[in-house]
Amino acid sequence: VELQEGSMDDSDGYQSAGSTTSTRIKSYTVEEAVEAIGFGWFQVRLFFLCGLFTAADALEMMLLAVLSPVLRCEWQLTHFHVALITTVVFIGMCIMAPVWGVIGDRYGRQVTLYMVTLWIGYFGFLTTFSPSFVWLLILRGLVGSGLAGSPQGFALMTEYLPSKSRAKMLLLGNIAWASGTLFEITMASFVIPSLGWRWLLVFSAAPSFIIVILLKWLPESARYLVAAGNKEDAMKILQKAAKINNKSLPEGRLIASVAARRGDFRNLFSPEYRRTTLQVWFMWFVSAFSYYGMVLASAEILQLHNERSGETDTCMCNQLKSDDYVAIIISTLGEFINLPINMSLIDRIGRRYTGAINCACCAIFFILLQIHMPQQLLTAIMFMVRGFSQGMFSFAYIYTGEVYPTSIRTLGIGSASAWARVGAMITPFVAQVLLDKSVQAAVWVYGAFGISAAVCAALLPIETKGRDLPVSS
């Protein structure tokens with residue numbers, strides 16, 4: 001197979017040497033190759049591997065919800081100190097998110113995923129031996145630095161999905177995250193009462209080391225390879241994918257567009273993407289602020305609702321009961337139930353309005369949490385908030401992965417992810433500190449941001465439904 005650069009003299013697909021007659025030579029891009037390959041076992045395998053990576057990340061994130069009440073009792077922590085445990089994780093994520101994005105665009109998704117997975121597993125395991133609160137903060141901050149690279153797996157999966165199935169498959173990818181959170185809560189309900197929180201940290205870090213072994217079967221991004229000028233390796237991956245799916249590649253040679261400078265932050269603020277970038281950043285901020293707010297507030301709301309008697313500890317030492325774990329598990333199931341709703345809407349009414357609906361519904365159900373109600377109804381409201389807040393995050397991931405060109409895609413996701421971490425850094429002080437003072441004030445903060453995000457989503461300048469992934473800016 002003859003390869004060429006889009007900027008060379010024969011970039012239009014003409015043979016210009018060794019013949020007296022110009023003969024048209026067929027050519028195709030990576031996007032056209034992915035569409036020709038279609039959806040098949042190659043994507044299923046990729047979905048499985050990226051799903052395991054996502055689930056392992058979910059274990060480390062959901063750990064924050066169940067770890068806080070235990071450490072509050074064991075180390076006599078205040079609500080402010082408990083909030084810091086979550087905040088340092090997201091400080092690390094905020095700092096490293098754009099760094100991992102640049103590394104992914106310049107050195108490839110596969111190499112970056114190896115680094116990220118080892119980082120998370122290593123520092124997650126070291127957290128087990130934390131001798132003090134300060135050491136716990138340092139090590140959890142380092143875990144957060146690794147978790148900032150998790151969008152790399154999402155970016156890789158995006159680039160191998162044909163346009164017709166892209167949105168729905170990426171929504172299905174949320175099953176992996178929801179499964180990880182559900183598994184963590186279930187595991188915590190057994191491990192913490194019997195073995196303690198340190199063993200929970202061990203079991204939560206272990207999957208990362210297993211995934212490192214499985215990553216050798218993960219293909220590099222063909223779009224990245226072409227953008228990097230390594231079209232021979234890109235061709236090998238595409239040929240293998242076509243063989244696995246029992247399809248054929250288009251006739252001709254693989255070509256690339258004129259190479260754009262990869263990982264250039266200034267491209268995010270080009271006239272074409274300036275407004276989109278600012279609105280996308282706000283959407284990610286609110287998505288993380290709302291989603292992790294509900295994750296952290298679940299335990300706090302249940303503890304306030306229980307109104308246990310005989311507890312006068314000044315540091316509010318309230319352990320989660322078995323009923324509380326069950327309530328959190330049920331609310332987590334909302335992430336599964338919301339999935340078919342978004343799958344039916346996203347290709348019908350488009351990405352923007354699907355995102356707006358999720359934001360508005362999340363805001364409404366958040367506001368309802370201020371009403372005093374039986375625990376069963378409270379659990380149902382939390383169920384709805386978890387579902388729609390996860391829908392907000394899904395929309396943000398899908399839209400960002402589709403709106404930016406290959407040259408800045410992971411940088412776009414990485415920079416947006418940094419703003420998500422800003423929202424997640426702030427949310428513990430609302431979900432754990434402010435909520436302890438006033439439930440009404442806390443839920444109205446979430447409601448106001450949710451309504452603002454709904455308007456922002458509806459007014460996004462570019463609709464990506466049915467659009468091919470752009471190659472260069």
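From the backbone N, Cα and C atoms, a Cβ is placed for every residue, glycine too.
Heads up, TrEMBL stuff is auto-annotated, nobody curated it.
According to TrEMBL, the domain 'Major facilitator superfamily (MFS) profile' annotation covers 46-465.
Using a Cβ-Cβ cut-off under 8 Å and counting only residues 6 or more beyond its ends in the same chain, the transmembrane segment (46-67) has close neighbours at 85-86, 89, 113, 117, 120, 124, 143, 147, 150, 153-154, 156-157, 160, 169, 172-173, 175-181, 183-185, 188, 192, 197, 200-201, 204-205, 207-208, 211, 214-215, 217-219, 292, 295-296, 298-299, 320, 325, 328. Feature annotation from TrEMBL assigns transmembrane segment to 46-67 (among others).
Summarising the annotation, TrEMBL assigns transmembrane segment to 79-99 (among others).
Among the features that TrEMBL reports, transmembrane segment is placed at 111-129 (among others).
Annotation comment: TrEMBL describes 169-191 (among others) as transmembrane segment.
Under the heading transmembrane segment, TrEMBL lists 197-215 (among others).
The transmembrane segment annotation in TrEMBL covers 281-305 (among others).
Residues or ranges marked as transmembrane segment by TrEMBL: 325-341 (among others).
Sequence-distant contacts of the transmembrane segment (353-371), counting only residues of its own chain at least 6 positions beyond either end whose CB sits under 8 Å from a CB of the stretch, comprise 283, 286, 290, 294, 297, 301, 338, 342, 345-346, 378, 381-382, 384-385, 388-389, 391-392, 394-396, 399, 439-440, 443-444, 446-451, 453-458, 460. Marked as transmembrane segment by TrEMBL: 353-371 (among others).
Summarising the annotation, TrEMBL assigns transmembrane segment to 377-399 (among others). A Cβ distance under 8 Å defines the sequence-distant neighbours of the transmembrane segment (377-399), meaning residues of its chain 6+ beyond its ends; these are 151, 154, 166-167, 170-171, 174, 177-178, 280, 283-284, 286-288, 290-291, 293-295, 298, 301-302, 305, 327, 330-335, 337-338, 341-342, 346, 351-352, 354-355, 358-359, 361-362, 365-366, 368-369, 413, 416, 420, 450, 453, 457, 460, 464.
Listed by sequence, the residues of this chain that lie at least six past the ends of the transmembrane segment (411-435) yet keep a Cβ under 8 A from its Cβ atoms are 68, 79-80, 82-87, 89-91, 93-95, 97-102, 104-105, 144, 148, 151, 154-155, 263-265, 267-268, 277, 280-290, 292-294, 296-297, 300-301, 304, 396-397, 400-401, 403-404, 441-443, 445-446. If you look up TrEMBL, you'll see 411-435 (among others) marked as transmembrane segment.
Annotation comment: TrEMBL describes 441-462 (among others) as transmembrane segment.
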### Query
Under 8 Å, at least three CB pairs between the transmembrane segment (441-462) and the transmembrane segment (169-191) (pairs 6 or more apart)?
no
### Query
What else in the chain is close to the transmembrane segment (197-215), if you only count residues 6 or more beyond its ends and a Cβ gap under 8 Å?
49, 52-53, 55-56, 59-60, 63, 66-67, 70-71, 74, 110, 113-114, 117-118, 120-121, 124-125, 127-129, 184, 187-188, 191
### Query
Looking at the stretches 79-99, 111-129, 169-191, 325-341, which one shares the most CB pairs under 8 Å with the transmembrane segment (281-305)?
325-341
## Note on the structure
Sequence-distant residues near the transmembrane segment (325-341) by C-beta distance (under 8 Å, 6 or more away from its ends) are 65-66, 171-172, 174-175, 177-178, 181-182, 185-186, 188-189, 294, 298-299, 302, 358, 375, 378-379, 382-388, 390-391
